[in-house]
């Protein structure tokens, strides 16, 4: 109160001309601030673009029909798999190395033995076909997707949502969360679409160079339009996070809400200041105690750990065809390459275990089913190419300079590859409705913790819908 009285006396002591200058300056400053706030909140979008990824020249017209699809298993395919597993050669692991050098070959022999003698691919194909599968041609590619409609009931709101996987996952990651989303949630229920990224699993790979997340985003927007959805929700992690973010940037009017369990926004002075000041005065840079616990010591948790675990990323972003050459021909090699990620990306402490902690969160049947999707389709090389095609994102790509303005929900799992505080996420995601520190779980959230992810997704959608 004393300060207000002092300011009032000071203002009254000025002559009329000085008062007018002071008022004008304040109005101008307020106007500049209001303009900056408006400019930041103004919805921007990125170009939709166009593409043709089929073999040869683009034809005058394209079949836009949606066709039912079923996953198949043949005796010849299974016999060939078994023969290749039987011929596998293993290198002896170093003593007490656990998973620090990659997939421990002692445990790999056990996984291979289970795959060879106990895993029932035909039974798992029945599991895959539990939900309806379809294919449709978009931009020259056969795009595969699972489409699950909830049972019809009165007095429930049905919301369309697309779930997008990443690498080395597949649409199968969402099989545990599907029944949770298609069940009634206090009158709210989802109609779920799970596509395979082109080049992954049952979606045809691009025949031309340059198929990146922007192309995938455009194709998935076309898919949703073809299914008759003018507005819908999106949920994703890993590459799916980038693809769905691009979808929201291309057509924000169509995306009612974007929910992510992996998100990165680590550029700019604000982030640098957080890294410097955060360990000592976190509240000054918008960090909370949990942010500090997950982020620091910064060099150890973010730089050294990233270097230690990103060798695959570098080779796939430069020479993917070389990287995939061996594992495309060897099922045991493919299993080691993929399952090592399901070990370390779930929890880095799994490196200290001889079995990589794989069956702490997953069953071998589920893990091998995911591998079989890559093996039977021969898609490991084309999936790796997605890294090379998206390497341009580090060269100031248009989507990296554009914010995301749709309602956004962020689920921060404690064992995710990198932690992104809310204050950092706000640099890119300008309309955050919810930010949740998840109690447990890592990179493959839908596969590891389907109930936790479903609960957070539902609470986010209810906020958006004002339900």
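From the backbone N, Cα and C atoms, a Cβ is placed for every residue, glycine too.
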Seminar exercise, completed: Students should find that the transmembrane segment stretch in TrEMBL, chosen from 20-37, 38-55, is 20-37
Problem set entry | Cα separation, residue 238 (active site, nucleophile) to residue 443 (active site, proton acceptor) (Å, whole number) | 8
Exercise. In angstrom units, rounded to an integer, how far apart are the Cα atoms of residue 238 (active site, nucleophile) and residue 387 (active site, proton donor)?
Worked result: 12
